[in-house]
Structures are given as structure tokens and as C-alpha cells.
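Trainee: Just passing along the structure, written as C-alpha cells.
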Amino acid sequence: MEFVKYQGLGNDFILIDCVKIKIDGLNALGKKLCDRHFGIGADGLIAVFPSASADYKIRIINSDGTEPEMCGNGIRCAMRFVFDYIKPQRKLTFETLAGPIKTELLAENLVKVDMGAPKLTAAQIPLNISDSDGRAVDIPVKLEGGKIKGTGVSMGNPHFVIFVEDIKKTDVAKTGKEVENNTAFPQKTNVEFVQVITPSRLCMKVWERGVGITLACGTGACASLVAGVLNNKTERLALVELDGGQLTVEWPDDGASVFMTGPATEVFSGVFKE
């Protein structure tokens, strides 16, 4: 089976072309291929299919075999993969479990993505806790050692954004895992830890649902900016700094789409012997 590996800010993905060939058992295959010791090694597998409602359809499989609704870094890599190996078209719409996602290749490795409008009610995220208007802005979640406050946002997948004073002193693994699996989140959640450097510059670390700590998360960066605006901590256009690099994120108005711009780079290609 032929594959190409891409990375977006160190968030790495195995891309396969299912336009030409049929592959069964994608969830099990994704878990196998993503294994960094016995497989190719990646945070996720992305398969590109034909679509009746968009240019292409993608399915994303996490390294644990689960299937998320959406992945911001992954969608940029999918755009670059299609341009490089299937059809050299600079504007593409992808069918995803989170709905249609529009992408544009701006430069050689720079992709802009219309991530759609954020969903902000607790029922949409989903989250079992809400404030008086049905949202989940700066709400407490009970943990073993007490409570932690955060803001719930869905970017097609659930996020809980926690603002911290010093991100270097934050135990991302311990707190992230506990929040991800908290009963307040019926579908579990991604967890972002965000330090506001200035209103237009954020520093973020992420615990991804079904993966763990990764170098970057595109939907998480978008959710972090939205949460920053909702908590009056940030401007609507900001640079989000992650362990793997930087993303530019913009939320022009309430109800508008969130736009994310960042890199997608090919790492290598090969053939996996099953």
C-alpha cells in the first residue's frame, strides 16, 4: 500500500489515496500504521475518498483507532496531499464528519482553512455543564484534586480551553488526561492550556482526545482564540504559538467562520507491506 507522510507543525499524518483503491478496516489499519514502533508512526491516518457533495471526502483515524470529527492540522495536510498527488487545485472543499471544510493553498506549504463557525452551547459541544445562557464560558469542572475552570467550544470536535498564568508550570499530561475522560464530557474532549502573552499572541499546549500530548492542534488553536474572545482576553486575530510552530487564527465576528492559516509539509513517501 502506497502512502505519503505529512506534518503540520509536527502533528504528523499518514495520507492514503482511496480515490483509486478500496481499503477496508480503516480504524484497525490506522492504529496499526500509526504505531511508532511496529508501523510507520504518526498521530493519525487520513484517507481521501471521492465525494458526492464536495471535491473529496476524508476520514481521519487517531493513533488509538478512534475516528474524530475533524482535525485542523490534518485538513491542511490533506489539502497539500491532494494538490501534490491527486489534482493540482488550489481551492478544495472536503467532506468531513464535522461538515464541509473549505481550504486554499496560499503558497508552497501554506494552507488557509475556513474552519466554520464555532458551536458554543453546552449541548452542541457536548458538555453536561452550562452557564445561565446555555453556554460553557469559564465554568468549573470537578476533578479529583478539586475544580478547574475552562471554556467549552466545538470546532466540529469538542474542546475545553483552560487559561493558565504560566504554561511551563502546567502538568498537561496529568490534567489533560483527567479532563478528557471527565464525565462532564459525554464524547470526551480535547484539552487546551493557554497562556495569554498579549491580546494578539497566545501560547498553547494541547492534550488531544484519543492521542495525548501532541506538538500542535489546529482545531485547538481555533477553539483557544474563540475562548479568548468570549472571556475578553484576546483580540479576534492572533498568533497562536504551539510546541510545533505557529498558526494564525482569526474569528472576525460572532457567528462567523474561524479562519486558520498554517504550514503543511511532506516528510516522506513509501510502500507499507501489510
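Heads up, the Cβ atoms here are built off N, Cα and C, so glycines get one too.
According to Swiss-Prot, the feature active site, proton donor maps to C71. Per Swiss-Prot, the feature active site, proton acceptor maps to C217; the stated evidence is sequence analysis. For N11, N62, G72, N73, N157, N190, E208, R209, G218, T219, the entry in Swiss-Prot reads substrate binding site, with the evidence type sequence analysis.
Set these features in their place in the structure for me.
Mentor: The Cβ of C71 (active site, proton donor) lies under 8 Å from the Cβ of N11, F13, G44, I46, I60, N157, C217, G218, T219, each of which sits 6+ residues away along the same chain.
Its Cβ placed at the centre, C217 (active site, proton acceptor) has 35 other Cβ atoms within 10 Å.
For G72 (substrate binding site), the same-chain residues lying six or more positions away in sequence with a CB closer than 8 A to its CB are G8, V113, M115, M155, C217, G218, T219, G220, A221, C222, L247, M260.
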